[in-house]
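Annotated features, as they stand in Swiss-Prot:
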| type | residues | note |
| --- | --- | --- |
| DISULFID | Cys64-Cys70 | disulfide bond |
| DISULFID | Cys68-Cys77 | disulfide bond |
| REPEAT | 222-242 | repeat 'LRR 7' |
| REPEAT | 243-266 | repeat 'LRR 8' |
| REPEAT | 291-313 | repeat 'LRR 10' |
| REPEAT | 314-343 | repeat 'LRR 11' |
| DISULFID | Cys322-Cys355 | disulfide bond |
| REPEAT | 344-369 | repeat 'LRR 12' |
Amino acid sequence: MWPLWPLAALLALSQALPFEQKAFWDFTLDDGLPMLNDEEASGAETTSGIPDLDSLPPTYSAMCPFGCHCHLRVVQCSDLGLKAVPKEISPDTTLLDLQNNDISELRKDDFKGLQHLYALVLVNNKISKIHEKAFSPLRKLQKLYISKNHLVEIPPNLPSSLVELRIHDNRIRKVPKGVFSGLRNMNCIEMGGNPLENSGFEPGAFDGLKLNYLRISEAKLTGIPKDLPETLNELHLDHNKIQAIELEDLLRYSKLYRLGLGHNQIRMIENGSLSFLPTLRELHLDNNKLSRVPAGLPDLKLLQVVYLHTNNITKVGVNDFCPVGFGVKRAYYNGISLFNNPVPYWEVQPATFRCVTDRLAIQFGNYKK
């Protein structure tokens with residue numbers, strides 16, 4: 001069993017980058033560029049960290065569900081084979097960990113009295129039913145982790161205080177209009193690993209959201225959704241079935257600085273489609289079916305990282321990455337991956353990478369037919 005005293009501190013420092021669901025400790029780790037903190041990203045006036053413990057009532061140390069570990073307003077009831085949310089949870093609890101159990105339903109009064117709860121972890125249960133008022137008492141909830149369950153829809157009536165929702169690896173096929181209504185503080189949603197198709201997003205499904213981060217990876221998308229929040233800084237659509245990027249696919253997403261499209265079936269990127277991303281810094285197009293370097297990369301003045309490995313690229317032109325002349329690009333590349341492409345790297349002119357910080361930033365070779 002993990003010691004409990006560091007959990008609250010770690011959760012307060014967590015970054016909203018849920019690339020992969022792991023153990024509880026890994027909820028707090030970040031394997032990429034740092035995100036804006038909750039307050040900066042959402043524009044909310046409320047603080048983004050754990051509530052000031054001095055402002056809360058004293059800890060009711062005698063109240064701890066059987067088999068659980070309770071300390072410093074953290075209640076850890078993971079890996080106990082629980083069939084339901086336990087009773088006798090202290091009302092001053094700020095973090096409730098119920099992952100890796102056999103809970104199948106969240107009932108109306110399961111969280112009654114937990115008005116100070118900041119984070120709720122329900123990962124890897126068997127939840128298929130949630131009462132429409134189950135989350136009503138959680139007026140201060142900011143982080144809800146309910147991945148790896150049996151949900152077929154987004155839970156109704158999510159708390160308006162919510163900042164981060166992780167609901168990947170469920171059975172959700174539809175995102176209806178209004179399901180996120182009133183969630184003005186939300187800045188991060190991880191909903192990959194659901195059998196979502198493009199038609200599953202109703203028009204206006206994300207209306208009102210000012211998201212900073214969205215991941216819909218490992219789904220069934222055949223194109224880039226055109227009605228996502230225009231506030232996005234990060235969009236991850238890797239491991240889908242996207243075949244092309246058309247001219248206006250990215251028109252709405254001018255604030256992106258990281259775009260993940262790896263492990264798709266992209267053969268064509270229409271000329272000019274990348275010009276709508278003036279702040280882009282990192283572009284993942286690895287493991288696709290591209291036959292050439294996408295047009296428009298030299299015009300992205302802030303672009304620093306491009307993943308193009310494992311495609312069908314046979315030629316790299318001298319102006320494919322860098323603009324003509326000096327002083328045009330505001331940030332030099334520090335990573336270009338071209339390995340596992342049928343391009344004869346010995347034929348590539350050295351001037352091709354004149355705007356790269358270091359030759360070690362370029363990855364070539366290792367192509368096998």
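Placement of Cβ uses the backbone N, Cα and C atoms for every residue, glycine included.
Recorded features from Swiss-Prot, shown on the structure.
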{"residue": "Cys64", "record": "disulfide bond", "contacts (Cβ under 8 Å, 6+ apart)": "Cys70, Val75, Glu88, Ser90"}
{"residue": "Cys68", "record": "disulfide bond", "contacts (Cβ under 8 Å, 6+ apart)": "Val75, Gln76, Cys77, Leu80, Pro86"}
{"residue": "Cys322", "record": "disulfide bond", "contacts (Cβ under 8 Å, 6+ apart)": "Pro298, Lys329, Thr352, Phe353, Arg354, Cys355, Val356"}
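Under 8 Å from some Cβ of the repeat 'LRR 8' (243-266) lie the Cβ atoms of residues 32-33, 215, 217, 222-224, 226-228, 230-237, 272-274, 276-290, 302, 307, all in the same chain and six or more residues away from its ends. Residues 281, 286, 291-293, 297-299, 301-308, 349, 351-358, 361-369 of the same chain sit 6 or more residues outside the repeat 'LRR 11' (314-343) yet have a Cβ under 8 Å from a Cβ within it. Looking at the repeat 'LRR 11' (314-343) alone, the prediction's average pLDDT is 91.
Take the disulfide-bonded residues Cys70, Cys77, Cys355: by the count of other Cβ atoms within 10 Å of each Cβ, the lowest one is Cys355. In the repeat 'LRR 11' (314-343), the DSSP tally of helix, strand and coil residues is 0 helix, 4 strand, 26 coil. DSSP assigns Cys355 (disulfide bond) to coil in the three-state reduction, outside any helix or strand.
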